[in-house]
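Take a look at the structure set out below.
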């Protein structure tokens, strides 16, 4: 009898501690630790963001060389980044579903290998088709497996300081652009575009050790078992929630213009009369503003002074206006000029875009609950892929038709403004007409923004919660 009893206890322990691969052999915590190993996860997500979006933002510096080598137009070369963005974001729900089933660590590690192979393959390209397949399909597929699982895992580690942690991770975009923009220009001048892509493949492989740092964490509200059907694993049921559907529609529109500067800010600077390093400086200062604003806005959002949906709508609108300013900057004196007006416009755009970025992901736990944040992140990335696929090629087409990027940036800014207007339909995006007392903070597995009688947006900041108004 003793042996079977020990076997029964072992089996019971396995059943309780292995509800999902995401929480394998991990005791269930009372709530997000709000620190500890979470800061290591934040550092890993920082590197993941830098080696995906940051690298993609700087890649536009190589497009003039590619267009000249293959004798193709700006619209043709823009499809490289457009496909990479579209594949990365359209396949992000797949990365989220695989992470839900197998855990974030192996998924991110495999994604790092795929992204690196995409750059190595592209270094030997003989036509633009090879670049579409290598950078667009292969590298984009690898990036799809790394971003949503890493950011979703990070959101699970924080509650009170969640937006700040997300903002810190998302500064990897700006920091990477700041370093990679001049470095890539130097690589292009020294080794040509083939050697530059080969070295970028080696750098991208560092995504693999970043994935190894994403330790699983079990939290209240997690499903007792992994989803059985593919549709459930993808989290498509989240679209039945009105607030998430509004958020998804607005984010899809914003995506139509948000990624155009990633591809065409450097070529726009070149056409405004700056040299290669002057264009790299424009990208770099936009990255600095972007990175600093993500941290400041993350701290501001965590104070609970203003509801997150309201901040999301405001900074989204400022991003659209910033792109208008970038497009309307006049031609500078020549290649020796530093392009002061364009630099100032790039800083303004970077500050607004950086403030918007952490809010997009910071508001998700309040809309869907902490248990659905990984799936929601993947779905949002998929919706942004619609804009990411159409935005840069449309920008390139408008440039070819009009002779410069002015119209491209004006149209992109208009799309972002349209999406920001949609955000007004989110709970607490607009003030109401009378004072109200804040209710108790809802449990994190439920979601702070889900409908409740006389509900207000409660910030993770606890006693500094947002005081809003209601009728």
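Just so you know, glycine gets a Cβ as well, placed from its N, Cα and C.
A TrEMBL annotation is a machine prediction, not a hand-curated record.
Taken verbatim from TrEMBL:
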COMPBIAS  1-13  compositional bias 'Basic residues'
DOMAIN    38-431  domain 'Major facilitator superfamily (MFS) profile'
REGION    1-31  region 'Disordered'
TRANSMEM  36-56  transmembrane segment
TRANSMEM  107-125  transmembrane segment
TRANSMEM  131-151  transmembrane segment
TRANSMEM  163-184  transmembrane segment
TRANSMEM  196-219  transmembrane segment
TRANSMEM  274-300  transmembrane segment
TRANSMEM  312-332  transmembrane segment
TRANSMEM  338-359  transmembrane segment
TRANSMEM  366-389  transmembrane segment
TRANSMEM  409-426  transmembrane segment
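Counted over residue pairs 6 or more apart, the CB atoms of the transmembrane segment (196-219) and the transmembrane segment (107-125) come under 8 Å in at least three pairs, which marks the two as touching.
Using a Cβ-Cβ cut-off under 8 Å and counting only residues 6 or more beyond its ends in the same chain, the transmembrane segment (338-359) has close neighbours at 163-164, 166-167, 170-171, 173-174, 254, 258, 261, 265, 269, 272-274, 278, 281-283, 285-294, 296-298, 301, 308, 311-312, 315-316, 318-319, 321-323, 325-326, 329-330, 332. When each of 36-56, 274-300, 409-426 is scored by its Cβ pairs under 8 Å to the transmembrane segment (312-332), the top-ranked stretch turns out to be 409-426. Counting Cβ pairs under 8 Å that are 6 or more residues apart, the transmembrane segment (163-184) and the transmembrane segment (409-426) reach fewer than 3 and are not in contact.
Most Cβ pairs within less than 8 Å of the transmembrane segment (107-125), among stretches 36-56, 274-300, 366-389, belong to 36-56.
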